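Per Swiss-Prot, these features apply:
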type	residues	note
BINDING	138, 140, 221, 364	Ni(2+) 1 binding site
BINDING	221, 250, 276	Ni(2+) 2 binding site
MOD_RES	221	N6-carboxylysine
BINDING	223	substrate binding site
ACT_SITE	324	active site, proton donor
């Protein structure tokens, strides 16, 4: 017998369904449910008197192999692939299927492989948003505490380099040399994150590069502080082509060894991930943004300039002096710093992100960027652009779904593709590692409710451990069992080069994390960036710093007020 429910009542019990709209935090961004894979009347719901009981939603007789390990019920999935509602099935640490879970003997439309049995755990996803774990592809490994800060924000993968608070690491994302790479892989083996380390690529002769890749480096970093000259760029890219690894780039701010055209010429059309394709982070001054118009360049920017606000310029000078070991008493150092901080190009960076011309947002952790704010700054940028530029022409219906999908891709699937990791992570799709983040809509982008790492809860909002229920104050993000002991190795990946895997030398490190080789890092480019593949000719006036893309002047005002800020946090 059918039963009709009021929409508000249905949403309260099972979460939003097709046509319902959800505001993301206190932003102006509205997500609308595009489709619903659950079956009306047969929804999964756990609790006293609810559906997931024996011989109802839970199928008796289902073996451990047949049943899911865990099911997230009635989740609103926000991913580059769409904005939709579904159950998410997890098996052996991976997303087994997305659709309708339950007992196929008594329920309609149960998706194959989504049986709920006596061996199945449940996470109530109704009323929550689920996104893929974030991928931060610009990490300075300055201190291990970054990992926990990032995980608490919803980031589950680090790509970058460093050896701790060494002067070189404070400025550059390089783990130089085979010994450092081995030691850092061992040191980060206890962090509940997927890890990929980049070696140092600044050399005009290839000796020394092979040893780093053999030790497990997933890429090589070219940084101006080590000398990013055209010969070094050419040498590093030539080596990377042979090894199928990514090259990350921070170009020459001072234009001592050449200008932006010289760096572009040194690329010779080869794939490169250009860090700081932005308004103030470094690289050829003042026109590094031109690099965003090259088809072989995967451009990214970092969160200190995300988005452009009335405080951005003042904050940057002090940060820059510290991060790059500069001296206020040396005029040339001050001139170097000031040349990198330009309001006009920072404003253009906002718009280039909104156009999909800059493909990735990352942190630049403790080296001008904040490791725990990648996700927050991304959504603040999206809100600012929605507020200043209005709806995107690609939008359909009374929602911001396309813009939402574009921005979530910047810190999930696109960095995963750029670094050859998208076969494992980066999206909410079957077969991927179950790195998933649950958010209450009102806290979206600021504070996750649960962070699931490889199918097990690693971090979560939790109340007083001595309380009689989980929710009494103080209620804040705390480490959970997925971040402890041997579970870390079972639920996380150490990404390494294919050479390290093939030669087998990496196994002598006895890492507890599963090893996975990066793949298809070469022969890709802007066109491979999901929803962020806009290619326009970009010019920067050397006198006024005005930026034009496709002939259009890119100009916007700095924000005075942002969402996801002091309404949620004391500091």
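In case you wondered, yes, glycine gets a Cβ from its N, Cα and C as well.
Overlay of Swiss-Prot annotations on the structure.
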| residue | record | Cβ contacts under 8 Å, 6 or more apart |
| --- | --- | --- |
| 138 | Ni(2+) 1 binding site | 159, 160, 173, 248, 275, 300, 302, 362, 363, 364, 365, 369 |
| 140 | Ni(2+) 1 binding site | 160, 161, 162, 169, 170, 171, 172, 173, 364, 365, 366, 367 |
| 221 | Ni(2+) 1 binding site | 161, 172, 173, 174, 198, 199, 200, 201, 202, 247, 248, 249, 250 |
| 223 | substrate binding site | 171, 172, 173, 174, 202, 250 |
| 276 | Ni(2+) 2 binding site | 250, 251, 282, 283, 288, 300, 301, 302, 364 |
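The residue listed as 'substrate binding site' carries a strand DSSP state (E or B). Between the candidate binding-site residues, 250, 364, the densest Cβ environment within 10 Å is the one around 364. Classification of residue 364 (Ni(2+) 1 binding site) by DSSP places it in coil, neither helical nor stranded. Listed in chain order, the residues near the Ni(2+) 1 site other than 138, 140, 221, 364 are 139, 160, 161, 172, 173, 248, 250, 275, 302, 362, 363, 365, 367, 369, each with its Cβ within 8 Å of the site Cβ centroid.
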